[in-house]
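Asker: Pulled these features from Swiss-Prot for this protein:
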type    : residues                                       : note
BINDING : G185, G186, T187, G188, V189, G190, K191, T192 : ATP binding site
DOMAIN  : 172-347                                        : domain 'Helicase ATP-binding'
DOMAIN  : 366-542                                        : domain 'Helicase C-terminal'
MOTIF   : 296-299                                        : motif 'DEXH box'
Amino acid sequence: MEKNLPDIFFFPNCVNVFSYKYSQDEFSNMSNMERDSFSLAVFPVIKHRWHNAHVVKHKGIYKVSTEAHGKKVSPPSLGKPSHINLTAKQYIYSEHTISFECYSFLKCITNAEINSFDEYILRGLLEAGNSLQIFSNSVGKRTDTIGVLGNKYPFSKIPLASLTPKAQREIFSAWISHRPVVLTGGTGVGKTSQVPKLLLWFNYLFGGFSTLDKITDFHERPVILSLPRIALVRLHSNTILKSLGFKVLDGSPISLRYGSIPEELINKQPKKYGIVFSTHKLSLTKLFSYGTLIIDEVHEHDQIGDIIIAVARKHHTKIDSMFLMTATLEDDRERLKVFLPNPAFIHIPGDTLFKISEVFIHNKINPSSRMAYIEEEKRNLVTAIQMYTPPDGSSGIVFVASVAQCHEYKSYLEKRLPYDMYIIHGKVLEIDKILEKVYSSPNVSIIISTPYLESSVTIHNVTHIYDMGRVFVPAPFGGSQQFISKSMRDQRKGRVGRVNPGTYVYFYDLSYMKSIQRINSEFLHNYILYANKFNLTLPEDLFIIPTNLDILWRTKEYIDSFDISTETWNKLLSNYYMKMIEYAKLYVLSPILAEELDNFERTGELTSIVQEAILSLNLRIKILNFKHKDNDTYIHFCKILFGVYNGTNATIYYHRPLTGYMNMISDTIFVPVDNN
């Protein structure tokens, strides 16, 4: 469906678009094209004003029940009015008088084509739309947006590129076309903070209708923004909640969905047209309950995120619109062109609000000499922070590959620099309290982080990024450090330049960058299980196909050996984490054990009942040899003796030397096997 967004329906960015109420005199002076724009108001008016409304007679005048109180009456017959009273907004007949809006209410019936609407209908739609506050103009003030979505406070002023009239038109045309949309834009143009808000607005106005050419029944469904991490769900939902003029979730168009969500973050009065911020796993449980699907951080290739893309593509007729948002298409453009049916590609040009300077610090050691390379890197980092120092009261972020490196680099820097040092990553509790210290300190703060800070938390006073250019890529029973991709570099660099000018200092040669195929270093059971649930054909229906298909087929055989029905698997997928696929054998044994095992997966609390149950699975590991690492840590070189990766080598750390065998409880807990 080719449909352009008329100017009067732009979302108010409170910069050059404001909420506005049009007068009948203004309508009289408009061109026919401008007048026809009001025909589209019939869709939001039917949904939000006329739904369950009826005709009443109020002081002798026929009106809609949403205009005035009165006794329900039979509607009058309507021909051409003999007189128009613009001041009273009424059509006058010889036998009766009817309000502009009531006239339109009676004329806008199912199957009526909107290009047939005459001036009389359009004037009534203008009045109904004014009451809903759905119109906008280039003149106005922020306070005019109060109440547009039931908000008590005005919308935020947003000068970002994604809310310009040009971008709004382009995004609307793609949304209403029902084609899959791939949206890119530089960090700082407002992809995640503004585009979901814009799609919420379009959904509020026009969502649920099969066409905008004529009046039909509608099926209202919310928008969902699917994200890879809980931290992102909380961050972005709070940002959009505030920018729409709300201070509380209840009654707002914003809802959150993630596992073990606290009571205070549940919207008890959600809107049918609203937007749900959800983790990928919970998005999959009710994927077809949503009209518009937005998948963010596509470049990360989160496993469940990639599965959602595959499922949505397979069942695209069950979703009205799908948006894939990513910082860059460097790694995925060609695959998306082939994989998605007739995709639309939108790029929002623009950059961060403030300039970012780049500084390259050369490491003279070759990365193949890993230990020497890292020691040189740490020396270079100290020099760089001394030369390129954040101002007092500001902060810098050091990006390293792993949690262990966070502690290693913090210890090294603390001995050599007089600044406040902090660590932030996904396993750190009470990040907000750390940020309070960062924001309140008059000193320079240096935050050492994993790739977690690429997107999960916005640091408002950061002015400098120190990027080591590496990431730890987990693999079954291990993992390795790799150099980052261009998209990861763009994300890290974009952490500055939002509030003040920034500096991006990088310590790696750009030639080292490469795309990361995460699927080649993942457990593949989720691909098998969700393929069964959603009737995907493997491997061709997968967004990213593993290089080694033998592992995919071995995983399928292993899952089949559990002798668990597809129906039971689907229930397990919807209710439990199953961080180890073998836990499924325990979840089906009894509700009491399932509850305790679920609690262990969520909180880490290991009861004796759960431990004994997991030990019964005999997840055996053979210890080949060991070596002393430091005071209370020994590195054990082992071989996996169970599952798809039987025979795979693994490295396990333990507080004392072991020989023989150990049993795996989780990816971090191991129990020595008693040799007696």
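Yeah, the Cβs are placed from backbone N, Cα and C, and that goes for glycine too.
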Asker: Just checking, which of G185, G188 (binding-site residues) has the fewest C-beta atoms within 10 Å of its C-beta?
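Answerer: Least crowded of the binding-site residues G185, G188, by Cβ count within 10 Å, is G188.
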Asker: Helix, strand or coil at G185 (ATP binding site), per DSSP?
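Answerer: In the DSSP reduction, G185 (ATP binding site) maps to strand.
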Asker: In the predicted model, what is the mean pLDDT computed over the motif 'DEXH box' (296-299)?
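Answerer: Summing pLDDT over the motif 'DEXH box' (296-299) and dividing by its length gives 86.
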Asker: In the three-state scheme derived from DSSP, which category covers T192 (ATP binding site)?
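Answerer: For T192 (ATP binding site) - judged by DSSP and reduced to three states - the answer is helix.
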Asker: Would you count the other CB atoms within 10 A of the CB of G186 (ATP binding site), including those on all shown protein chains?
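Answerer: Counting Cβ neighbours of G186 (ATP binding site) within 10 Å gives 19.
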Asker: Going along the chain, which residues six or more apart from K191 (ATP binding site) have their CB under 8 A from its CB?
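Answerer: Within the chain, K191 (ATP binding site) has Cβ neighbours under 8 Å at S162, L183, T184, G185, D296, M325, A327, I348.
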Asker: Counting across all protein chains shown, how many other Cβ atoms sit within 10 Å of the Cβ of T192 (ATP binding site)?
Answerer: 24
Asker: If you count Cβ atoms within 10 Å of the Cβ of G190 (ATP binding site), leaving out that atom itself, what do you get?
Answerer: 23
Asker: Write out how many residues of the motif 'DEXH box' (296-299) are helix, how many strand and how many coil, based on DSSP.
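Answerer: Helix/strand/coil tally for the motif 'DEXH box' (296-299): 2 helix, 0 strand, 2 coil.
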Asker: Tell me, how many other CB atoms lie within 10 A of the CB of V189 (ATP binding site), whichever protein chain they belong to?
Answerer: 25
